[in-house]
Each structure stands twice: as C-alpha cells, then as structure tokens.
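**Q** Before I ask anything, here is the structure I am working with.
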Amino acid sequence: MERLHWVQHRCRQLLAGDSERGWYSAPNGLPNKNFLDRHSSPQRVSGKRRTVFARHGPHQQEYEAASKKYKGNAIRTTKYSLLTFLPMNLFQQFHRAANLYFLFLALLNWVPVVEAFQKEITMIPLVVVLTVIAIKDALEDYRRYLFDKKVNNNVVRVFCSKQKTYVQKCWKDVQVGDFVRLSSNEIIPADLLLLYSSDPRGVCYIETSNLDGETNLKQRQVVSDLPFQGAELTLENFRSRIECENPNNDLSRFRGYMEHPNGVRVGLHNSNLLLRSCTIRNTETVVGIVVYAGHETKAMMNNSGPRYKRSQLEKRLNTDVLWCVVLLIVMCLTAAVGHGLWMKNLKDPIFQVDGETSPALAGFYVFWTMIIVLQVLIPISLYVSIEIVKLGQIYFIHNDLALYNEQLDSRIQCRALNITEDLGQIQYLFSDKTGTLTENKMVFRRCSIFGVEYPHEENARRLEVYEAEKTEAGGRSVTLKSGCSGKSLSCRSLSCNRSSVSLHTLTDEAEEEEEDQLTNHIQRKTSAFCSRVAREVVPDPMLVRKLNWLRSPVLTLSDGSSGTPSSLELTYITDFFLALAMCNSVVVSSPSQPRHQVPEARTPLKSLEEIKLMFQRFSFSPFSTLSPPQIRGSPHSFTSRLFARGKTGSFTFPTPPDNTTGRSEPGLEDQLETSKLDSLSRAEGKDAGGMEEREDGTTENTKMSPDERDYDDELLYEAESPDEAALVHAAQAYRCTLRGRSAESLLVDLPGIGSLVVQLLHILPFDSNRKRMSVVIRHPLSGQVVVYTKGADSVIMDLTETPKGADHAQEIYGHIREQTQKHLDSYARDGLRTLCIAKKVLEEEEYEVWLKRQLLAESSIENREELLLESAQRLETHLTLLGTTGILDRLQEEVPETIEALQRAGIKVWVLTGDKKETAINIAYACKLLRPNDQLLTASCGSKEACAALLQQLRLEVQHGEDSLTTGAGNHGKSSSDCGTGFVLVTDGCTLDWALQEDLKNDFVVLSCKCKAVICCRSTPLQKSQVVQLIRDQLGVMALAVGDGANDVSMIQVADVGIGISGQEGMQAVMSSDFAVSRFKHLRKLLLVHGRWCYSRLANMILYFIYKNVMYVNLLFWYQFFCGFSGSVMTNSWVLIFFNLLFTSVPPLIYGVLDRDTPADTLMELPELYQDTQSSKVYIPSMFWFTVLDAFYQSLVCFFVPYFAYAGSDVGDLSFGSPINASALLIILLHQVIESHTLTWIHVLVLVFSSSFYFGFVLLFSVICVTCSPPTNPLGVETLQMSQPLFYIVCALTTVTALLPRLLFRALHNTLHSSAALKSAQMDKEDSERYRRRMQCWNLKHSPANRVPVCVDNPDLEPNSASVMS
C-alpha cells in the first residue's frame, strides 16, 4: 500500500500543472490562487457544480452563502395546499377542451337574447363533472400528504456543534452540510458523502431495493485519503470543501472532488455516495455529510410516478368528437336558417313575436340558442366515463390470478393508466432475450481452457434431472419466503407518490425454498442469483485430474504428451480459475463474517519455500515476452501467477504414474523427495474432500470433512448479475474459492496451495460500450501487476494478440485461438452464453503511466466517463487468451407456447439481443420462433455498399421464395400461409448499423415486412430503440417492447406499449415501463384476453355513448320543425340536463368494465380472434357513421310515433314530451342489452335502477315542483300521463319499432359474419364428432365376437367410442 500511496502522491504532483483547469491539486499540497478565489467566493460555482461546506464547521459565511439556493430535506409530493387546491385544480381541469367548451356554453346561457334554460340549470353538468374530479384529486392528494408527513417525520441522528454530539432530528430538518450518523438497517435520509465507516477498511454495504429493486448488497467506500480514516472522526475540525456536480437523476454517476485545507484534492465517485431511500446493511456505524437533500436527491428526481400516454383509441375518439361538432354546427345552422325563414314568412301571428328583430339577426340568436339546447351532442361525461372504465379494467387485470406469480409473490402492475386498450391492437412485439425469454438464472455448463474443451457431462445430466424435478414439482403450492430476511414477501402495490418500486424480485425457486425448509430447522440466508442448481456444479473429471498435478510435489510436468498436462497448460488453467474467482464485483458474506471482512488466512498448506519449490516445475510467461527457453523452463514466471499463504487444499491427489517421476529437473530430486515425505506425512489422518481416482482411471467426488464442507456452504455470494454468480460458483466447484473481499484485497483459495491474500488495485466495471470488465491486482510474491479480463467473445478475441518472436509460441497461441473459436461456435449453437477470459501482465513503468491517466480520469468532473472509458481501453489491449465459458440460460416456462400463440394472433415477434448469432438462433428454435421448415436469411456484412447489395439480394430471394410457395400451395389447393413456411431474417449489430441509415432503412423495412420474424444479434441498447422507432414510424403500426434490464429501457420507452419483466437485473425496465409482469408467458393472456377485452369494451362503450347522445339530441332537433325553430323544447330543463348526466350514465360504465364478447378460454385457444381488435374492426369510421344513422332512425321513430299517436289532441308540450322521454330511456337501455355480450345480475340491477330512478324522479318532480322550471309548469303532467293506457301503448310500440332493425341486424350479423376462427373451431368439433360416430358405426358393423375391435383392449391404440360408451 505504501507503494500505491506513493504513486498517487507522485501523480498528484505531476498533475499540479493542470490546476488551472479547476480539477486537480496544487503542487506541494499548497492551495493555489484559483483555489483561494473559489474558496472565498463560492457564489462563482454555478451551472454545472455545487459547493458544499460543513454546516457547523469553521466556514460559516461560505456555508450560508453557498447553501441559500439548496433545498431542504423535506419532501412534498402533493400537488395542492388548502389555499391553492381550488384555483389550481380548476386551472388543471380547464386544460381539457371539453370542459372549456361547456364553460363557454354555461356563460353563453347567461346572455338574455340566446338564453335557452334557467341560468343555474346549465351550470349543473359542468359543476357535477368538476366536483367529481376534484373530489378524486383531493383524496389522492390527501393520501400523498399523509405519506409525506410520515416520511418527513422519520428520525435520524444529526451532529450538533453546540452540544458536540449527535441529536435526533426529523428528516425534514436535515440540511445540506449536516453530518448524519446511521447504523445497520437504517434508511438513508438524504444523499450522503461517506466520510466514516466502523469497518476498519472503510467499507459500507447498502441495499438499493427501494431504488432499483435489486436485493443484493452494494459496496460503498469512504472517501480516500481522509486524515481521520480508520478512526472516529472529530467533526468540529472538518475543514474540507466539497465540489460536485449539480443534482441529477443518474443513479450510477457521481462526480466531484473534496479539497482539504492543505490544497490536496481527492476525487469523488459513485462508490462514495450513499443514496436516499437505500438501507445500511452489515455495518455498525457510518457517518456522512449531506450533499443533496429533499427533492434534489437522486431518488426523488427519479420519482416520475405513473406514465401517461395517449392511446390510439383516444386519438380516434377525438376525430369522432370533431365530427360530432360538425354535426352540431350543421343542425344549429339548419335551425338558424329555418327560424329566419319562418320569421320572414310569418304573417299575422296569433302569439307574441319580437317584430323589431330582423329575421337574419333572429336566426343568428337562434344559432347560439340551439348550441346550448343541443350541447349534449358533445359528451362531456364521456371523458370522465372513459377514465372510470379504465380504472375498472386495470382493477380486474391487476387481480387476475393467471397473471400472479406465486414464486415471487408478485402480480402485474399497471403503471400507465390510460393505454389499456392499446394492448388489444399490438402488431409488432420486440423482445429482449436474456431474462425475458430466458430465466436469466445462469448455470455453468462447460468451458474451454488452453484450447481444450471440458464438456462437463455429469453437469449436463444434473441439469436434466433438475428440469425433470422442476416439472414434477410444478403443481405444488408453497409459501415463498424471502431468502434474505426470512419474511414472507408481500405483493406491494405501486404508488405514484413513492420513490420505491412495487414489484419484488427473488431468485430462489419455490421448490428449493421448500426443500431448504424441510431439511433445515433454521432457514439459512440465501444470496442473490444463488439457486441450488447454480451452486451445485459437478466438476469435469479430466480438468480435475489436471488440477491435481498442481499440488503433487513429486510430479514433473511434460509438454502435454502421455496424458500429463504441460506447464503452460497448467498455468492457463490456474489463471483461468483465478480470473473466474477474482474478475467480478461479488460480495462475500457468511454468518460468521457479517461485515464481509476478509477473514484471517488459516495455516497454509505449504511454507513459502515449498510453494517456490513446487513452482520450479512450471514454465510460463506472457506471450508478449516469450522466448524459446522461457517456454521450456521458467520457474519464476509461473511463480508470479500464484499467490502465497493458504489453508488446507480441497483436493486429494492420486499417486503419480511411475513414468512421470523421471521428468524432474536435475538437482531437485532430493528436495522433491523430502517434499514428498512431508506432504505424505501431512496427508495421513486427514480426510480432505476432493477427487479420488478409480481403477478405471476416472475420478469421482469423495466426501469432504464436515468442517470444510460447512465452511464452504456458509459462503454467500451476492452478485450484481447472474453471470458473475455462475462463474464464481464454477470456480468454487474446483476449489478455487473466493472467500473474502475488501476495497483493497481479496482472499482466494487455490487447490493444493491454500488461501491467498491478493492486493486489489483497480476494478474496471462492465459497461455496454466496452462489453467487458477487468480487475488489476498485484502479485504478492513478485509484485507484478496482472490484469484479468472477461467479456464478450466478439470483443476479447479482437483484443488478444498473437505473440511476437518465437515461432513455437505463435504456433501454440494460434492453435489456442483456433480451437477456442471452434468451441465458442459450438457453445453458441447449443444456445449457451459465452464469455472469454484473458489476462495481461504489466511492467511497472507501463502501470505507472496508466495509473497517472487513471487518477486524472477519476478526479475529473467534466468528461469523467469519457476519460475513464479511454483509460480502460488503453489498459485492455494485447491480452493473452486463457479460455471461454459456456453458461446455460434456460427458457422460461411456456415461452414456446406464448410465441406460437402471438404469431397465430397476427403479431410479428422480433428478438433484439446482444448475444451471438448462433446463440440467438438456437434460442429461436427452442422457443418456436424459428421452425425447421422456415428459411433462414442471414445478413452479415462489413460495409455500407455490401449491406445495400445484400438487402437487395435478400429481397429478391424472398420474392422468389414467395412465388414458389404460392405456386406450390396453389397446386395443392392451399394458401402459402397454410403451409407454415416463412422467412426469418437474422442480422448482426454491424449490419444493423448500416441498415438503419437513412438511405438503406427503406430496403430494410421492406425486407423485414416479408419475413415472419427478425432476430437482431449483437445489438446495442441504442440500436434496439432505433429499430423499434423505425418500424413504428415507417409502417404506422402499434409496437410493444418487452425487456427486463437497464439495456432495454430506451426500447421500452420508444414503443407504444412498454412492458418490463421483473427479473434478475433490477427494476430499471419496470420503472420505465407501462406494464410490469414477472414472466414472459403472462403476455399471452394480457394481450389476447385482456387486451382484446379492454379494446372492444371501450370501443363499444364510445360508440354507445355517441349513439345515445345523437339519438336524444335529434329528438329536440325534430321538435324544432314544429315550433318555428325557436329553440323551444318539449320537456322541462331538469329532465333534459339529467337525462345524460344521471339517468343513462351508469349502464355504459358497467358495460365498459364487465362486457365480454368472447370467453377467456376461447380467446386463449383461438389466438386468431385477436386480429379483430388488432385491425380495429370494432371501431372503424364506417361503424361510427352506421351508429349515427341508427341513432337518427331511432330518434325519428321515438319522436313521430308519439306525434302521430297524439295528433289532433289537446295535449300540451310537456305532456307530448313525456312519452318521448320515457320511450327514449327504454330504447337506450334496451339497445345496450342487445349490444351486450354478457348479462349478469349487476347489469340487470343497474338497468332496473336507471329506469326506476328516471320514473321516480319525474313523478316526484311533477308532484312537488310548481315553479322549478319557468316558464313551464310540470305540476301533475307525469302523473296524468302515466295514468293513461295510451302512454304505455305508445312507449311499447315506439320501443319495439325503434329496436327491431337493430335486433334483426345483430342476429343476421352473428349468423352470416361470425368470426372465421370460431367457424374453424366449430368445424373442427363437428369433424371430430362426425369421425367419432363413423368409427363407432364401423366398429359395430365389423367387429364380430371373436375379433378384437379397433382400439379396444389394444395397448397400442386409444380406446374407441363404443368401448367408452359401454
């Protein structure tokens, strides 16, 4: 560490000249002029930075000046206060054009010359709607207020300078610059810069499940080079200044520096920051200074709440509303012109008429009067009804047991509340592969080292057994417990006012948990990505035998002949497993080590001299420095790969063959013999677990000692990805075990050597640009700097170099690359995920040069990511390829059935993945996206010209194939679609880059349209989003994107509907999605059932709303022809206003929530029915105009049947309107009964209630109301009308006449135009029934007593119908 600190200090001195740029230290540790200027005037820091001083430190003036613009820690997620609720809520509601329209009409009715009703009455509809929405908003805001109050009043310990101790304060009283002290299991109240940890290594562990859903622990580090690090700090003397970036919502980035009083600046990064809402774990005490508080914290800035989108149905509705406006204007113009003509032609009127007003002006006044009278044509309540219906639909989706995951105790979450109907119109589905189609539970399957493939056949058989066990246990119902806490998981509902995420993730299978509970009285803590099948890796016997040579002190390695491993190969194997164990960010814990400390190494197996003696048998150095003598013998070079100190090894090694003893190097025989005796004496009486050799030469596992087995089993690995966990467990299976981790060291076991404490210099984490991660370590014996790298094979293979110099070295390395590439292709064809492992040895001068640039990048605020990326890329060059791994990622259950159903439903499925082409194709076959009779089109090219030519060639090939398929199908009397043959396009990331360019994207779109599926391999997150946007915009289709990881977020956000899978990679995809499910199979019911239902329900409800409004408004319009177009009505204004607002408002809501045109089982069995809603057949422009025409017809019947019935009588206006209103109500309600596909007791209850409410209201109104509706007097009108038989005859005749055409049309439509899918299903049933009867008759005729009838008592055939019936 002294050497590392010296290098850091030296780098700071060298970088002192860069201080002018504002990011690095002054020379000699002294503050420079720029620093003094900034220190004295923090107001200069603006724009991209913020300056933080200790609140109770010596810089009080600077703190007060800098903190004025910083927010406090109190949060407020409410929209309103008591004073602002009314004006703000009204302001927001009047953003809707419909509300503004009705406000205009209400104000217009106050103008005397155009007044149609009482001034107060016209206000009722608008007031009712505004009041209902305001009450809903108030209740939601009050709930947010209670939550805010609870959070703000949480208590935390904050340092008080007056009392010189920590005092308890509420979260809302915490401010930027406060020192906060937290203990284990406490929630972090604000974004803190970690200054102290009770862990002597300055490490703190946090759980970020409240932010991203990840339950595995994250490691955070105290700011480096603090003078009080390692001891309890004295906060009164904290004089450092913190300068960091302004608040932002990037959870993975934090940039800044801390400047000490002596001018030394220390870079700050994300590992120093404790984020609000996270939980402290496994650390007794931490102290931090608040840098972001309240709404400026990253958690609050990421709290976006539910998403709001405009659905396609709403866009279509807006068009139809505009047509209603046009219809309204036409009707009002007709009335205005008619009134003007009527006034002009009026001679000697027998009633009072305003003769002073000209006919033209009178017509103008009537136009606005009719706007008020016919206002119901624009449905104000429709928008509110749609919101209510969608909430009801979401409720039923949310509580569907078929969409509930019992293992994870999670249900579907609807985060976008207004696009449920879009689920029924999906035409393209873009899916990620890993974690979406597959489980993302990685299991080590096989590996290749030094160009030698180790198939791990026993491991393959174990996985097959596990799959069988899982299938058998699939029907069991268990209660899942959280592996981390032991508490039952609860299905948390999503709340838009919280920064937490709803869905809970877990990795363990229910069967595994049940087994653990049965075998252990005390449930052990499990870790992330640590299922039983991932832990229990069966080693390959050949690889175990080679590892056995590492320990044996009497064996001499050869060049690889005679079945003995060469020194070069054994070095590769050792480095390979060291890379698996160390090149990761896995956190190690155990019940005995709760703080994840690096445990003390136990007694080493060998002394330092013995280890060096053993190393003398090996010979290897990096190819970059290989020479022929070094290949044959270089004891020191292999020593530099291994590490000293250890505990008892894990393997028992076989007695070496006699022919190997003669290969010892001269002069070492006596030493080897002594070492052999010492080793044998240690082995006596000890039952070390490991591998024993059978007589047939194979190896098998032997029983480990109980202590060692318990020690191994107690190790808990908490990985950030399932890949890392699988590789660490694979290394552990070969007893290359990661036992501890700290910020500066690792403890790793090697078989036969023991525990090795390794100095960890740097971790270069994985990112999507580099597609790899690396660790930089220092060799404990030689002091060499070694880089271990793992990553995608497409990247690592390009970064590895061919050795220069010796021909023999080039030949060996070329053979390794060639064989490794063959194994990579083989793994990909088997559907395995591949990773390449490589290493590099750095010279000290080379490392110091790189370290200088790395420190500069880490200390930078501006362009920090770019500098770190450049620094990592500079280090990860000229690598030595060690080998590759093949990891199995199993398909989720029912994925093939789901994809097949979606394709039958007319949905084109695309797979966008970053995996290899061979892996993606294998998965496509497994999930039935690609079938054996499909033609595979592969697009892979390296230039734009080649891509253009290839796209044209593939288009011609597809066209030729379609023509041949059509010709062949025509000869057989079938269509090409019935043949089940199609084209599937497979393209890689490089080709996709060219295809997405402006001049080639049209060709790519045309080609993809002719393919039934497209697979994009090696695609980046940006390419995924570009593909989705291209198809959606170019084709104008409804696109759905589904993914589970952060790399799918952009794709999910671009799509019309984004669905997140709550899987193994956190909750970034869920937080960005519109809907969140736990398994891919849930898409089948979500789209085919709920999507179809939601769309058909809303579409039919909208059409029904338009129908009833047009129908009722036309009754008023027809009356104008008999009242001189004066704007008079034949009913009192109260009934007119309440008719749509109250009497007929509830039935459409029930219709929109509960109606089911097709049962769920039928929709699941016949996905083809989805195409009706997919193509918008339910709600097309012709249906709108057909509905309007039907409403016109029914209004004509409803008006003129009573008109002719009462013709010539002395009935008054209100008496004439009474049967019209009653008939209109019955017609509208019964029309819904005809259109409904489902009738339940709820429907009947609502229909009876609506009709009873109307008749009860008008009867009561006619009894008690005398002056309620001036100038008319409705007193006694309804009671008189309902006492006459003619009233009921007119109502019955009107209702039957109006609804008869609709009833006949519906019957004929269902008979003649039933769904093709339903016809096909019915025909299949009829064919099967006809076949059954034919076979039954045949058996009865051709089965004498002495013959065995067909399918009777024949074990090879199914029982026939006759035998079953008998």
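Backbone N, Cα and C define each Cβ position, glycine as well.
Curation plays no part in TrEMBL annotations; they are all automatic predictions.
Per TrEMBL, active site, 4-aspartylphosphate intermediate is recorded for Asp432. Residues or ranges marked as Mg(2+) binding site by TrEMBL: Asp432, Thr434, Asp1044, Asp1048. As annotated by TrEMBL, ATP binding site applies to Asp432, Lys433, Thr434, Glu724, Phe766, Lys790, Arg833, Thr913, Gly914, Asp915, Arg1018, Lys1024, Asn1047, Asp1048. For 673-692, the entry in TrEMBL reads compositional bias 'Basic and acidic residues'. Per TrEMBL, the feature domain 'P-type ATPase N-terminal' maps to 64-122. Positions annotated as domain 'P-type ATPase C-terminal' by TrEMBL: 1070-1313. Residues annotated as region 'Disordered' in TrEMBL: 647-709. The transmembrane segment annotation in TrEMBL covers 98-117, 123-139, 321-342, 362-384, 1102-1122, 1134-1154, 1183-1204, 1216-1234, 1241-1266, 1286-1305.
Mind mapping these onto the model and telling me what they sit next to?
**A** Listed in sequence order, Val911, Leu912, Thr913, Lys1024, Val1042, Gly1043, Asp1044, Gly1045, Asn1047, Asp1048, Met1051 are the same-chain residues at least 6 apart in sequence whose CB falls under 8 Å from the CB of Asp432 (active site, 4-aspartylphosphate intermediate).
Within the same chain, residues 79-80, 85, 89-90, 93, 99, 102-103, 106, 380-381, 384, 1137-1138, 1141 sit at least 6 positions outside the transmembrane segment (123-139) and bring their C-beta atoms closer than 8 Å to a C-beta of that stretch.
The list of residues near the transmembrane segment (1102-1122) in space but at least 6 beyond its ends in sequence, with Cβ under 8 angstroms from a Cβ of it, reads 313, 317, 320, 324, 327, 331, 335, 338, 370, 373-374, 376-379, 382, 385-386, 1128-1130, 1136, 1139-1140, 1144, 1148, 1151, 1179, 1183-1184, 1187-1188, 1190-1192, 1194-1196, 1198-1200, 1220, 1224, 1227-1228, 1231-1232, 1235.
If you look at the transmembrane segment (1216-1234), the same-chain residues 6 or more away from its ends with a CB under 8 A from one of its CBs are 1104, 1107-1108, 1111-1112, 1115, 1129-1131, 1135, 1139, 1143-1144, 1147-1148, 1151, 1194, 1198-1199, 1201-1203, 1205-1206, 1243, 1247, 1250-1251, 1254-1255, 1258, 1277-1278, 1281-1282, 1287, 1290-1291, 1294-1295, 1298-1299, 1302-1303, 1306.
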**Q** Provide the three-state DSSP residue tally for the domain 'P-type ATPase N-terminal' (64-122): helix first, then strand, then coil.
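**A** Summed over the domain 'P-type ATPase N-terminal' (64-122), the classes give 32 helix, 0 strand, 27 coil.
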**Q** Is the transmembrane segment (362-384) packed against any residues at least 6 beyond its ends, judged by a Cβ distance under 8 Å, and which are they?
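**A** Non-local partners: 96, 98-99, 101-102, 105, 108-109, 111, 113-117, 122, 125-126, 129, 132-133, 317, 321, 324-325, 327-328, 331-333, 335-337, 339-340, 343, 354, 1102, 1105-1106, 1109-1110, 1112-1113, 1116-1117, 1120, 1125-1127, 1129, 1136, 1139-1141, 1145.
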**Q** Could you give the Cα-Cα distance between Arg1018 (ATP binding site) and Thr434 (Mg(2+) binding site), in whole Å?
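**A** The Cα atom of Arg1018 (ATP binding site) is 12 Å away from the Cα atom of Thr434 (Mg(2+) binding site).
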**Q** What is the total of other Cβ atoms whose distance to the Cβ of Phe766 (ATP binding site) is within 10 Å?
**A** 20
**Q** Under 8 Å between C-beta atoms and at least six apart in sequence, can you list the same-chain neighbours of Gly914 (ATP binding site), or say none if there are none?
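**A** Once residues fewer than 6 apart are set aside, Gly914 (ATP binding site) is near Thr434, Lys771, Ala792, Gly989, Cys1017, Arg1018, Ser1019, Thr1020, Asn1047.
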**Q** Could you work out which of the binding-site residues (Arg833, Arg1018) has its C-beta surrounded by the smallest number of other C-beta atoms within 10 A?
**A** Arg1018
**Q** Among all protein chains shown, how many Cβ atoms are found within 10 Å of the Cβ of Asn1047 (ATP binding site), not counting that one?
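**A** That number is 23.
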